[in-house]
Amino acid sequence: MGEQLNGLKRTHMCGELTVEDVDKSVVVMGWVQRRRDHGGLVFIDLRDRTGIVQVVFSNEVSSEAFEKVQSVRSEYVLAIEGKVVKRAPENVNPKISTGEIEIYANTLKILSKSETPPFPIEDRSNVSEAIRLKYRYLDLRRPSMQQNLMTRFKITKVVRDFLNRNGFIEIETPLLIKSTPEGARDYLVPSRIYPGKFYALPQSPQIFKQLLMISGFDKYYQIAKCLRDEDLRADRQPEFTQIDIEMSFVEVEDVLKINEKMIAEIFKETLGIDVPIPFKRLSYQESMERFGTDKPDLRFGMELKDLSDIVAQSEFNVFKTALKNNGSVRGINVKGAASMPRRQLDELVEFAKTYGAKGLLWIQVFEKEVKSPATKFLSEEEMKKILERLEAEAGDLLLIVADKDEIVFDTLAHLRLELGKRFNLIDENKYEFVWIVDFPLLEYDEGEKRYVAKHHPFTAPKDEDIELLEKEPLKVRAKAYDIVLNGTEIGGGSIRIHDTELQKRMFKVLGFSEEKAWERFGFLMEAFKYGAPPHGGIAYGLDRLAMIITGSDTIRDVIAFPKTQNAVCLMTDAPSEVSEEQLKELHIKVDL
């Protein structure tokens, strides 16, 4: 059985001891990273979340501690009392923060023993993610994982400090709410007290934060858990954390300005980086035209160019068909890549096809000639204008896609990113922020044969576009904004509708009958009757923001206990079956 502390108190963290502590008597506690036996001396590397300190056990200093340490192995939990000693110059270890000192142990308590762990507790450990997730409590002992979670904590601390300083109030909203599915599926919770009725777990605190604005809390925030029963996708979690913010009596500009200051403070405090503000801004339309996506990575160029007008009269069938079907012809210039081998060009063609393109036209620009499968279909004048539009020089490779706009944009956006990586055009140490604004308010869902909200049904249309809501819904722009960092959307929000009549019109355009709208959102519509201020806000994905700041490859590395890509917890084996008795209490029958 492990020993008890019996009043022994920790005086210092392992990684915080320095030469200033020499000759002090200290008590440290932690896990054994490594044990080395040098005959008359035993060396223990003791680890806690702050780092490692070397502890020396000598028979001459304490025969009792020296005898006891013989049984100690990796991951044993120890409490050690001893004296801090300066290391001899030749024994200094510059790789650790405590490398100039060591502790000579007087007392040793073995608080807990450990079996041999299934993998080494070190960052170099080459172990599968499945094993790491099964033994997550061991994985979290690794320095990189501890650093990730400490950085995540630092982000939330900066957010809280900044918002508190700026007059915001942290308010919690319910986790058991009414199901109002619009977008992803709700997680449902059966009510035992009301058989046949269900709560939903919140996909976001959206409606409640709007109700808080109507309640008079004009500056709200919350670090909120959100849950969405989404189809399985790479790097998505069924539960995730949002930095949720809402403000009253504001317009778009007010929301963007305070959020820029907050983001700048987060990056200053966590990475020591000065982020220039204000951030760049692109309209949704401009972002799509220039980068093929509303999540552009601005760390490199290779922008899309529209060639449709140049080839409008072309006899080339590929171009002709695309333009006839209201599509477009667009291209990018891969500087200095003209000599790309045919095999790699063919790979790019196949890559383009995975995004729905029927093909990919390439043009190699050399000093004295232009090589392309399309030379025989394009006139000399057309080719000349294409080269001019794409600012082609000798040595460049031009890639062109002709199809429906959505396919052209999607294909070229992915090609641009792929080639940016291949040719090392992306500076990994750069942070490029951009606000994407003026989103379309609505999209048309071919499957459901109705208009759906691009963001959510409470987003306000731009004032000048309100009159188009019923006549030309797809032309209506929203007072919505996303914040994109290095090609990843880290947050998004909007100014909300605060007028009952406008909200009714919005529901009608979305195909909700008045009855259906009241059934789902009646409590919000009722609240609007009693004086709602203009309000708006934003929500950030904390997991994704932490992933970028820590330089992690996946959001699972910045969440303490994540699910797998299949939404399973390998450590606790959730989700799991429950007993018949539990189901009976809830009046539920499982029909598989």
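Heads up, the Cβ atoms here are built off N, Cα and C, so glycines get one too.
Owing to the predicted nature of the structure, the values given are computational and were not obtained by experimental measurement.
The annotation in Swiss-Prot ties R228, D229, E230, Q237, G541, L542, D543, R544 to ATP, and of the candidates under consideration, E286, E489, E501, E585, the one tied to the same site is E489.
Of the given residue ranges 206-209, 322-325, 354-357, 438-441, Swiss-Prot assigns the label region 'Aspartate' to 206-209.
Of all the Cβ atoms in the protein chains shown, 22 others lie within 10 Å of the Cβ of R496 (L-aspartate binding site). Here H455 (L-aspartate binding site) is compared against the binding-site residues E230, E489, R544, and the shortest C-alpha distance is to E489. If you compare Cα positions, R544 (ATP binding site) sits closest to R228 out of the recorded positions H38, R228, R496.
Pairwise Cα distances among R228, D229, E230, Q237, E489, G541, L542, D543, R544, which the record gives as the binders of ATP, peak at 20 Å.
Per-residue confidence over the region 'Aspartate' (206-209) averages 94 (mean pLDDT, predicted model). In this structure, H455 (L-aspartate binding site) belongs to neither helix nor strand by DSSP; it is coil.
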